[in-house]
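Everything below concerns the one structure shown next.
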Amino acid sequence: MATLKDQLIHNLLKEEQTPQNKITVVGVGAVGMACAISILMKDLADELALVDVIEDKLKGEMMDLQHGSLFLRTPKIVSGKDYNVTANSKLVIITAGARQQEGESRLNLVQRNVNIFKFIIPNVVKYSPNCKLLIVSNPVDILTYVAWKISGFPKNRVIGSGCNLDSARFRYLMGERLGVHPLSCHGWVLGEHGDSSVPVWSGMNVAGVSLKTLHPDLGTDKDKEQWKEVHKQVVESAYEVIKLKGYTSWAIGLSVADLAESIMKNLRRVHPVSTMIKGLYGIKDDVFLSVPCILGQNGISDLVKVTLTSEEEARLKKSADTLWGIQKELQF
């Protein structure tokens, strides 16, 4: 007896269903799900896989997204505790880890998250040996280093979300002051994601007009307009949002989808993301810090050599020394 499906549909070929543009998100907390929905809304994948250790939450999140399939263009959404669901991913985004508590520094989280990565990374590598790894868990610069060490991947394929969000926050606040959309406000925050990030005042511009040239005191203590406050707000904003709502999610999710778009579509846009910076700015250790990187289908293909003042360079070097001080103590 022919089934309804057989009566309705005449099959022409037996297809091998291998995804061409698969993305995996590891960790379905607030950040992971914000990344997932942002990626779905941008139509970046033909398959989305979710992985977590909390099975009920994982299944619930998957079902909730699947129920929105009519409004999306991602034909397959899967999940599982077992990493076989991640097989053949082009991009694997790691958001799993212990959550930053109110008032806790990102660096405090580190050994807790290293132990989690020792389980996650080998499993990802086993099923998607050619993927790009995008690390979002904090402290992101150290955990990107950890992922690079554990995975054995070349450095172009291990990317930290780094200062992409810090720079976005900076451009938003700059835009608020000037009454201009953030897309037209150019400014870069580099170095360590978080407390010791470095704003590059000399590069701030609107329509190619340098703000520092118009206002030489920009970013200094003697600045009457106190533009330094803008960077201070960038640093404090995550802590403030955590204090108010318990965690941050939407902005980091959108920021990660922005990076995913450059990778999946081979756009070769420039983003401030965390990469291995040894040999630059007098840094001699294996540390990952954010500098402007060209992102495409192979991950980070190139980086832009930013002209920094001696003070900015010194701050970058200090960040590197701090990170290395922590990294060399880590137990793998």
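Placed from the backbone N, Cα and C atoms, the Cβ positions cover glycine too.
Long-range C-beta contacts of Ala45 (NAD(+) binding site), restricted to its own chain and to partners at least six residues apart, with a cutoff below 8 Å, comprise Pro19, Asn21, Lys22, Ile23, Ile39, Thr74, Met264. Ala45 (NAD(+) binding site) carries neither a helix nor a strand DSSP state and counts as coil. The NAD(+) binding site annotation in Swiss-Prot covers 29-57, Arg99.
The 10 Å shell around the Cβ of Asn138 (substrate binding site) contains 27 further Cβ atoms across the protein chains shown. The substrate binding site annotation in Swiss-Prot covers Arg106, Asn138, Arg169, Thr248.
Among the features that Swiss-Prot reports, N6-acetyllysine is placed at Lys5 (among others), with the record citing similarity to another entry. Mapped onto three states, the DSSP output places Lys5 (N6-acetyllysine) in helix.
Residues or ranges marked as N6-succinyllysine by Swiss-Prot on the basis of similarity to another entry: Lys5 (among others). Neighbour count (other Cβ atoms within 10 Å of the Cβ, all protein chains): 8 for Lys5 (N6-acetyllysine).
Under the DSSP three-state reduction, Lys14 (N6-acetyllysine) is assigned to coil, being neither helix nor strand. The N6-acetyllysine annotation in Swiss-Prot covers Lys14 (among others).
Annotation comment: Swiss-Prot describes Lys57 (among others) as N6-acetyllysine. According to its DSSP assignment, Lys57 (NAD(+) binding site) is helical.
The number of other Cβ atoms within 10 Å of the Cβ belonging to Lys81 (N6-acetyllysine), over all protein chains shown, comes to 12. The N6-acetyllysine feature in Swiss-Prot is assigned to Lys81 (among others); the stated evidence is similarity to another entry.
Under DSSP, Lys118 (N6-acetyllysine) is assigned to a helix (H, G or I) in the three-state scheme. Around the Cβ of Lys118 (N6-acetyllysine), 13 further Cβ atoms fall within 10 Å across all displayed protein chains. Taken from Swiss-Prot, the feature N6-acetyllysine applies to Lys118 (among others).
Look at Swiss-Prot and you will find Lys118 (among others) tagged as N6-succinyllysine, backed by similarity to another entry.
What Swiss-Prot records for Lys126 (among others) is N6-acetyllysine, and it gives similarity to another entry as the kind of evidence. Under DSSP, Lys126 (N6-acetyllysine) is assigned to a helix (H, G or I) in the three-state scheme.
According to Swiss-Prot, the N6-acetyllysine annotation covers Lys224 (among others), on the basis of similarity to another entry. The number of other CB atoms found within 10 A of the CB of Lys224 (N6-acetyllysine), across every protein chain shown, is 7.
A simple way to gauge crowding: the CB of Lys232 (N6-acetyllysine) has 13 other CB atoms within 10 angstroms, across all the protein chains here. Positions annotated as N6-acetyllysine by Swiss-Prot, on the basis of similarity to another entry: Lys232 (among others).
Positions annotated as N6-acetyllysine by Swiss-Prot: Lys243 (among others). Lys243 (N6-acetyllysine): 11 other CB atoms within 10 A of its CB, across all protein chains.
Cβ neighbours within 10 Å of Ser310 (phosphoserine), excluding its own Cβ and spanning all shown chains: 7. Here Swiss-Prot flags Ser310 as phosphoserine, drawing on similarity to another entry.
Annotation source Swiss-Prot lists N6-acetyllysine at Lys318 (among others), citing similarity to another entry. According to DSSP, Lys318 (N6-acetyllysine) sits within a helical segment. In this view, Lys318 (N6-acetyllysine) is surrounded by 14 other Cβ atoms within 10 Å of its Cβ, with every protein chain counted.
As annotated by Swiss-Prot, N6-succinyllysine applies to Lys318 (among others), with the evidence given as similarity to another entry.
Least crowded of the recorded positions (Lys14, Lys57, Lys126, Arg169), judged by neighbouring Cβ atoms within 10 Å of its own Cβ: Lys14.
Straight-line distance linking the Cα atoms of Gly29 (NAD(+) binding site) and Lys232 (N6-acetyllysine), rounded to a whole number, equals 28 Å. The most crowded of the binding-site residues listed here (Met33, Ala49, Val53) is Ala49, judged by how many other CB atoms sit within 10 Å of its own CB.
Met33 (NAD(+) binding site) falls within a helical segment according to DSSP.
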